[in-house]
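As structure tokens, the structure follows; a few thoughts come after it.
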Amino acid sequence: MSERVKSKSRRFKFPEEASVIFALLILVGIVGALRPTFLKPQNLLNLAASYSISALLAGCIVYLLSMGEIDLSFGWILNLSAVVAGLTMIAGVPVWIAIILGIVAGGIMGAINGVLTVVMRLPLIIVTLGTASVFQGISLISNKSGSVVPTDEKLTSNIFFRALGGEIDTPIPFILIFVVLAFFVLHLTLHKTRFGYRILAIGSNPEAARLAGIPTKQTKILVCALMGAVSGIGGVLFLGFRGAVDPSTGANLLLPVVAAAIIGGTPLSGGAGTVWGSLVGALIVGVIGVGVVFLGIDAVWSTLVTGLVIIFAIGVDQIVRVRKNRAS
């Protein structure tokens, strides 16, 4: 009997992300079969690089979804953080200090979201519905509804921005390397630290977590601040990658970021989350977005397809949870 148990425990277990990876491979295969040029390594690397900022935000929003919350303001936090970094560079502040100021600004905005959520006792989605407009308004006032474009000298004098802009030759785009390293940190933090345990516990049962001595309010504020700081990093990456920030930067990030997390396997109900799954989910969203262009289909169809994939992913998650509840 014991040997049978041992043999079962030794069986290979597929990771949670296996089904999502399989879906990604099928999707890439379909587009590649119809348009073989899509499978060129450079095209695939460019696709991954162009969706890397969305992926980074998706990896962090997994923390909020795991806690049973969702942030609607991260796109405008990214925008305003990039504006802060860009304007301080233009004002003559050293580049590294400007980068830090942009990230800190993002963290402060995220912390404001968290404090308002805790103080007002409202879901984060309601609070950020309002703060998103506030951050957007501050950004528009700060840049006078125009683009923020640091001088080429400022961007090229900094090795970090030179790498982001592709001026330093690397086999893999630097922004992609940076984001993958960030994913290792996000994954380990969520699944291997006390902080991550608290997030998952709050998402599973907030009241039980509070009774167990977990500081639920402080944890929520910290997670919101983390989301803001990561959005700030996204803003800095965008500034270096694109070379400028315009009033619409970040406006269209909500769908691809949340879609990536959900498609990647993080449930909306909280209590669980997969950071690596959100990376694969972001690639799926990217393949849909770029794939329709390669196939000669109007790009607006990618939004429709992404929405259908989200509905499908939520439906599958619901079916799986119902079956698990019945089995238990």
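If you go along the chain as it appears here, the first residue is 1 and each next one adds 1.
Positions of Cβ are set from backbone N, Cα and C atoms, glycine also.
Marked as transmembrane segment by TrEMBL: 20-38 (among others).
Under the heading transmembrane segment, TrEMBL lists 44-65 (among others).
Positions annotated as transmembrane segment by TrEMBL: 72-90 (among others). Taking Cβ pairs closer than 8 Å, the transmembrane segment (72-90) reaches residues 53, 57, 61, 97-99, 101-103, 105-106, 109-110, 113, 125, 128-129, 131-133, 135-136, 138-139, 142-143, 148-151, 154, 227-228, 231-232, 234-236, 238-239, 244-245, 247, 249-254, 257 in its own chain, all 6 or more past its ends.
Feature annotation from TrEMBL assigns transmembrane segment to 96-115 (among others).
The transmembrane segment annotation in TrEMBL covers 122-141 (among others). Using a Cβ-Cβ cut-off under 8 Å and counting only residues 6 or more beyond its ends in the same chain, the transmembrane segment (122-141) has close neighbours at 64, 69-73, 75-77, 79-80, 83, 109, 112-114, 116, 220, 224, 247.
What TrEMBL lists as transmembrane segment is 172-190 (among others).
The transmembrane segment annotation in TrEMBL covers 221-241 (among others). Remote same-chain partners of the transmembrane segment (221-241), defined as residues 6 or more beyond its termini with a Cβ less than 8 Å from a stretch Cβ, comprise 49, 52-53, 56-57, 59-61, 63-64, 67, 69, 71, 74-75, 77-86, 99, 102-111, 113-115, 117-118, 124, 148, 150, 155, 160-161, 164-165, 175, 178, 182, 195, 199, 249-250.
Taken from TrEMBL, the feature transmembrane segment applies to 253-272 (among others).
Under the heading transmembrane segment, TrEMBL lists 279-297 (among others).
Listed by sequence, the residues of this chain that lie at least six past the ends of the transmembrane segment (303-320) yet keep a Cβ under 8 A from its Cβ atoms are 255-256, 258-259, 262-263, 265, 267-268, 284-285, 288-289, 292. Under the heading transmembrane segment, TrEMBL lists 303-320 (among others).
Among residues of the same chain six or more beyond the transmembrane segment (20-38), those with a C-beta under 8 A of the stretch's C-beta atoms are 44, 263-265, 277, 280-281, 283-284, 287-288, 290-291, 294-295.
For the transmembrane segment (172-190), the partner stretch with the highest count of Cβ pairs under 8 angstroms, out of 44-65, 96-115, 253-272, 279-297, is 44-65. Per-stretch counts of Cβ pairs under 8 Å to the transmembrane segment (279-297) identify 44-65 as the leading one among 44-65, 96-115, 253-272. The list of residues near the transmembrane segment (44-65) in space but at least 6 beyond its ends in sequence, with Cβ under 8 angstroms from a Cβ of it, reads 28, 38, 71, 74, 78, 124, 172-173, 175-176, 178-179, 182-183, 186-187, 190, 199, 203, 223-224, 226-227, 230-231, 233-234, 237-238, 241, 253, 256-258, 260-262, 264, 266-268, 270, 273-275, 277-279, 281-283, 285-287, 289-290. Within the chain, the transmembrane segment (96-115) has long-range Cβ neighbours (under 8 A, six or more residues past its boundaries) at 71, 73, 77-78, 80-82, 84-86, 88-89, 124, 127-128, 131, 135, 158, 160, 220-233, 235-236, 239. Here the transmembrane segment (253-272) has long-range neighbours at 16-17, 19-20, 51, 53-55, 57-58, 61-62, 65-70, 72, 74-75, 78, 200, 202-205, 278-282, 284-285, 289, 303, 306-307, 309-310, 313-314, 317, 321, meaning same-chain residues at least 6 beyond its ends whose C-beta is under 8 angstroms from one of its own.
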